[in-house]
Every structure is written in C-alpha cells, then in structure tokens.
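TrEMBL annotations:
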- 45-468: domain 'Major facilitator superfamily (MFS) profile' (DOMAIN)
- 85-103: transmembrane segment (TRANSMEM)
- 115-135: transmembrane segment (TRANSMEM)
- 141-162: transmembrane segment (TRANSMEM)
- 174-195: transmembrane segment (TRANSMEM)
- 201-218: transmembrane segment (TRANSMEM)
- 281-305: transmembrane segment (TRANSMEM)
- 317-337: transmembrane segment (TRANSMEM)
- 344-366: transmembrane segment (TRANSMEM)
- 378-403: transmembrane segment (TRANSMEM)
- 415-434: transmembrane segment (TRANSMEM)
- 440-461: transmembrane segment (TRANSMEM)
Amino acid sequence: MAKNEIAFTMGDEPLLQKARIQEDIESDKGIGVNDSDGDGPVTLILLFTTFTTLCGTFSYGTAAGFTSPAQTGIMAGLNLSLAEFSFFGAVLTIGGLLGAAMSGKLADIFGRRGALGVSNSFCMAGWLMIAFSQATWSLDIGRLFLGVAAGVVSYVVPVYIVEIAPKKVRGTFSAINSLVMCGSVAVTYLLGSIISWQKLALISTVPCVFEFVGLFFIPESPRWLSRNGRVKESEVALQRLRGNNTDITKEAAEIKKYMEYLQEFKEDGFLDLFNPRYSRVITVGIGLLVLQQLGGLSGYTFYLSSIFKKSGFPNNVGVMISSVVQSVTSVLGIVIIDKYGRRSLLTVATVMMCLGSLITGLSFLFQSYGLLEHYTPISTFMGVLIFLTSITIGIGGIPWVMISEMTPINIKGSAGTLCNLTSWSSNWFVSYTFNFLFQWSSSGVFFIYTIISGVGILFVIKMVPETRGRSLEEIQAAITR
C-alpha cells in the first residue's frame, strides 16, 4: 500500500482518490514536478493573448489615475463642488464592489475571455460617457461603469494569465500585470498634464479598442474548457498557446487527469468554500488581500500628495520620483519572481512594507514634537519609497497570482468573488478612513499600518506556501489535501 493510501484509510474515499491523483501528477507516466518537457515555450500567440488581457489592466490603471490630473478641469468645466467631485472619484470603488460581486460567476459561466468582453463593454461605455458628459449624473454613471470593469478585471486578468502561461514563466507573466498598472497610472498623469480631461477620457478608450479586437483572436483558457467538458477544444487551445511544434501530451494529460478528479465533486457554491479541504486556500487568499489593503496600500496611493505636503517635501517632485521608482521596481519584480519564488518575495516585501510605515510614522512623530524637523521631509520620502517598493516587488501583485494558482477550478468562481469583494471592501475602508486618521494623528495612522504589516510578516512565514516551478494541478492537489 502506498504511503498516501495509508494516510487516508479511514473510510474517506475522496481523500484516498485525491492522494492517488497527487501521486499520479507527481510521478505517473513521467508527469513530474521537475519535468521541464511538460512545459512549453513562449510563443507569439501567448504573447498576443497576454497583451490583449493586459489591456484590461491598463484601462483599470487609467481609471485609477484619471481623477488627479482631471480634477481642476472637471470642477471648472461642469461647475462641480469639491463634495461632488469627491463623490465622482469615490464611485469607482462602488462600481468595483459591484464588478467584484459578479466577477467569479462571469468567469465561470462565460469563460475568461467572455468575462473580459463584458468588462470591456462597461469600460468603453464608461469612458465615452465621461468624455461627452455635460452633467454630473452622466459623469458619475460613467465612473461607476469604469469601476464595474475594474472589479471584473482585477480578478479575471490574473486568473487568465496564470491558466495559460507555462509554469517556468508563470510568475513573470503575472508580474507584468503590476508593471502595466503602474505604467498606465504614470501615462495618465503625464497626458493629463498637457491635454484636457475630455481628450484624456477619449484617449483612454484606445486600450479598450485594442482589447475588443484582440478578444476575437485569442484562445479561451484550456483549463476552463476542460473543466466544462470541452476536452478537444481544450487541447486545441493548449496547442495554439504552446505552438504547433510542441508536444502537449504531458501537459494536456495532467490537466485532464485533475479535471477528471474534480468531476467527483459537485460545482461548489459560496457556502461550500468553508469546507475544511478549502480552508488553507481561503485563509491564505483572504489573508494576503487583507494584509495588502489594511497595511495601507490605498492610503499611500490615493493620498500620496497629502503625505508629502504634510511632511514638507515638494509634492510634484515626490509624485514624479515615486512613479519612476515604482516603474523600475516593477521591472525588477518581473525579473526575480520566478527566480526567487512567491513566498520569499512576499516575506521581503512585507518586511519592507512594515519598515516603510514605521519610518514614515516616526518622521511625523518627531515632527509633532519639534524634533529633527529638518529631516522630516527626506525621512518621510524615504519611508514612502520603501513602502511603494514593497508594493511593486511583491505585495501588490503576488497575492492575486497565488490565489489564481492555489484555487481549484471547481471553486474558482465563488472563491474569486469572495476574495475580490474582500479586496475592494478593504480598499474602500482604507481610502475612506485615511483622511480621518491622518487628521487625528499624522504618525498614528502609519503606526497602525506598521502593526498590521508586522502581523503580516508572521502570516506569510507561517501560512503561505511556495508555488514556483509547480503546475497548477500539483499546487491545487497539494494545498487542498
């Protein structure tokens, strides 16, 4: 009797069968952890599919960065009060919650490509409504539509990329998502400083057009097709992604074997996520997203100007340098994620996140007591840069990569919805409370983020598995054992 069979001889047949599947994946018929033959090359169609998918992320970034350069023009052009413009900015998060609520089901019912099509429609409609707005209501509805698109994209894009990329470059391809987000925000800031907000909104439809055209030519996720019983179509899609000259037999067999195992279970609903076999997946997924948001991500990114202004550091210089640093470190994250692994980068990033908030908090604390005031601007600037670097090299993008890698496809829709709602709710909470906390204590808010990040370090070390260099089927069979 095999060692895994001994471990599960208590009458639990599904667990016994799962152990056998795990053994098969790791050793049977040459399908192994270290089998590079089961991995495919980076092909043009894979690159084109990834590019098309990332157009959705680019649109999300332009929506996030739009309000900063457009504020003066919109308020003057449409005669908006500060409260009305603040609502316009915040309604993106409301739309994000709506999009998050339906993202998992959309991806399960219509496929990854179909969900991106729905998102693209909302995004295009939103930008056109904003560009031609003559009243507040159309401006707000357009922004709401952009939020819905962003809520769907924030889940579907990492899932789609993870499911189509060869395992040796899966982390690299996924990390590009963070780079595109940073780049799109920077581009929006730059364009918004030289053109009107209406033209900026119109130009923002360009990625939507690219994505719309590309969706007609890219393949659906082979794993989604296989899960839905379309095995032949799954093999055709996998062959397109890996190239006509690549032998996909082993990878296709691995996918098929795991999907056959999943057929033993019903399509799990939302309440079934609390089944013990999914406990670690859900705990790690939600834990990383809560750490990401409650650790201060939205507070820093949404109110960066306020932080620099309060510290005495030149606002424009600070924002510009921060954008450059984020872009550069995003490239670094792409280079090292598949070399050093997800867990290692998350550990380093969380330590930097904690250190950045601690330095920023101490800077404002000394300022409040009139100590080392001459050093407050530069020390605050250094703390902010350390924090933002932690976001771009790890904590910003890796949580979604790991959620996409760890979650079995039979619960991906429900789990994705839960995780996405958690992320957007935490995003709203931090962005809503930051100004109140900053007024209460300019140092205290950052010490709160420091404590949360400190707890996060322990969480990553104790709970987060390493997924680098393993197939999705291996990862999922192991973590839900």
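Backbone N, Cα and C atoms are what each Cβ position is placed from, and that goes for glycine too.
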Within the domain 'Major facilitator superfamily (MFS) profile' (45-468) only, compute the mean pLDDT.
-> 86
Hey, would you say the transmembrane segment (440-461) packs against the transmembrane segment (115-135), going by three or more CB pairs under 8 A that are 6+ residues apart?
-> no
Which sequence positions outside the transmembrane segment (344-366), separated from its termini by at least 6 residues, show Cβ-Cβ distances below 8 Å to it?
-> 288, 291, 295-296, 307, 310-311, 333, 336-337, 372-373, 375-376, 379-380, 382-391, 393-395, 398-399, 442-447, 449-450, 453-454, 456-457, 460-461, 464, 466
Taking pairs 6 or more apart in sequence, does the count of Cβ pairs under 8 Å between the transmembrane segment (281-305) and the transmembrane segment (201-218) hit 3 or more?
-> no
Do at least three C-beta pairs under 8 angstroms join the transmembrane segment (415-434) to the transmembrane segment (141-162), pairs 6 or more apart in sequence?
-> yes
